Amino acid sequence: MLHMGRKRVSVFGSTGCIGQKAVQILRDNPDDFEVVALVAKQDAHLLASQARLLSANMAVVAEDAAYETLRELLRGTCVEVGAGTAGVMDAASRDVDSAVMAITGIAALHPVIRLIKSGVKSIALANKESVVCGGELLINAAKQTGVNIVPVDSEHNAVFQILAHDGCVARVTLTASGGPFLRWTREQMQAVTPSDALAHPVWKMGRKISVDSATMVNKALEVIEAHYLFSLDPDSIDVTVHPESVVHAVAAYPNGTSISLMSVPDMGIPTLHALYWPQSATVCGSTLDLASYGKLTFMEPDLERFPALGFGFEALRSSKPRAACIALNAANEVAVEAFLNFEIAFLDIPNIIMSAMDKLACCEVNSISEAGEYDLICRARTREICDTLKVSEFIR
């Protein structure tokens, strides 16, 4: 428990996987939290239910088409209803102590910047794309205003907790589950369907991030995120495949010792930590029983089968890293959407990203607004690349 009065909290992306974890924590601990705003993309029914359950001051749907439904569902309550970009930005301007940012994709970038400017004390960040595309521009804005970014990704939350004890590390290792195709051959992956890619063996995640895990683009983005969040040189970041997803990160120190953070693979645990930070949560999470696992497995990633993993390092080492990171993220978002819509094959995704990075990672990006503009350019060019590809026969 906080024992310091209730913390005012908003949740962006409250109807998604991480958002629902946050809502459950807020529901279970009403003495610790006051809910100011809940923001969802389009699920008006679940959002309205959450707003009533948590007595939220405000509920916003990003899709204008869902506004009337949300307004009708909350008629007779004291909940203020909003919609569209204006509604999301209004929610991000409200006076809160902490905000959970669980919106998917680069759509979170401008709300994160608005939160930073609004004077929020901490952001529980479950969106890596805003850091990938905002880079040091976003990190510096947070530092200048005294905003603490507490990552919710299990790997980065682990690094955050480890470095809080001793930040003088030599190397950091991020673990990767390997996704659903860890032991598939390239030939087998030629026939991957969206339903195959969405069937993650360990984590329950949204559609986009599930595909990212399957291609291992997710880990490429996490390498970039770790670089910016913790000021780590790309050469000091390693990735190790760990199918059990029990060890989330390892920090190696100059004296030859290493410290890891371990827990059961449950996103509620880092979400709980980020919501209560800087206090320690005393509510019980899932307990790790190592003996029940018998053994833990670690292996080197296979870049021949999962070339996308290397894209994060390539982007950071390029002559125009900001542009390269934006191109990587934009191309991936477009390609994943095309794959989920049965327009391209699974193995087309890394090829499309590589082509986009080769063609587009070549300009200066000097502001958040320029990052947004360049993202749109990259998306348009990536759609052109997608349009040149024929849909694989197995998808028809």
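The chain as shown is numbered from 1 upward.
Each residue, glycine too, has its Cβ placed from N, Cα and C.
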Of the candidates E129, E136, E187, E222, the one that Swiss-Prot places in the Mn(2+) site of D153, E155:
E222
For the NADPH site that Swiss-Prot describes with T15, G16, I18, N127, E129, which of these is also annotated: G206, G256, G268?
G206
Out of K128, K143, which is the one Swiss-Prot records at the 1-deoxy-D-xylulose 5-phosphate site of S154, E155, S177, H200, S213, N218, K219, E222?
K128
Which whole-number value in Å describes the distance between the Cα atoms of E129 (NADPH binding site) and E222 (1-deoxy-D-xylulose 5-phosphate binding site)?
9
Using the alpha carbons only, what distance in Å do you get between N127 (NADPH binding site) and E155 (1-deoxy-D-xylulose 5-phosphate binding site) once rounded?
13
Of all the binding-site residues here, K128, H200, which one's CB has the most other CB atoms within 10 A?
K128
So for T15 (NADPH binding site), how many other CB atoms are inside 10 Å of its CB?
22
